[in-house]
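Q: One structure is given below, represented as structure tokens, and several questions about it will come after.
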Amino acid sequence: MKDLSLDLSLMVAVVVVAACLAAGGAVIWQLLRPKHVEPFLCRERKQMRLVDKTEVSPDTYRFLFALQDPNQPLGLPVGQHLKVFGPNVPGVVPGEWNGKPDLESSAKEISRKYSPVSSSTARGTVELVVKVYSKQQVPPFLDGGKMSQFLQTLQIGDKIDVQGPFGKAKYNGRGSFSLASRVTSKKKVGLLAGGTGITPIFQLIRRVLEDHADPTQLFLVYANKREEDILLRDEIEELENEYPDRLSVWYTLEFPPAGWKYSSGFISKEMIQGHLPPPSVDTLVMCCGPRAMIENACLRNLAEVGYDREDIFCF
């Protein structure tokens, strides 16, 4: 009887210890597990705070903004953008901005669209690269860029209002795109970018290459005025060197330096034929840049090469 009593006591002790360990483990798991945080962007206006500002060239800055929670995802689908709000200012000539009628002259604030360059999986922060268009002493740029000059004045700790997500394009992964009202899958994607139009293109490039199981091949032609205007060049070429079978990069400059090994001039039919995948049911071409470039260099030349308009998307 004594042995039986000892056995029962031991069993009870084991059960109690096990229960305590389980309860303690559950508490620890609850404390340590990543808490669920809703995405930052939800179509309502939000504020984010500037935590770092880096001058990457004489007229370009990289801004790092903190979200509300360090574990918070931005909530911006790849291919879409957010709006940044800022104060409106009058032009040098009343009622005009850079020599043209100022359609925003009566507004108290302005907004501009930006695509982040940070990873779509980043949490707690978002990174924007902005080219600042400064006011000049002579026409046609007496006033410069309203939003870019406002952002240039930001100091660490300052907050800005943003809203999103917006946009008609969304990359679903593994070659699948939602474009306006349709979903399409492609194996090869040609990318035509001009100036700051590289930012949504870079966002897509980064997302595709981050997924090692994504078979999509990317072909970029990037146009600028001068070599120093090439935004994100180091990042782009680093990705090309790391994934040479998945990303091909070509540049063209309006004013190339001596010894320039890439193309010169505007995006042409010959550049498209030489550096983009040929038209097919497996090919999509995405374009982003100034309106004149889209209309005169991209759409016109793509049509002449034989791309179907349904296989072309312009941001």
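Even glycines carry a Cβ here, placed using N, Cα and C.
Whatever TrEMBL says is automated annotation, not expert-curated.
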Q: Please pick, from T54, T184, T199, the residue that TrEMBL records in the FAD site together with R112, Y114, V129, K131, K146, M147, S148.
A: T199
Q: Pop the mean pLDDT for the domain 'FAD-binding FR-type' (43-172) in here, whole number is fine.
A: 96
Q: As a quick check of your reading of DSSP, tell me how many residues in the domain 'FAD-binding FR-type' (43-172) are helical, how many are strand and how many are coil.
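A: Per-class counts: 7 helix, 57 strand, 66 coil.
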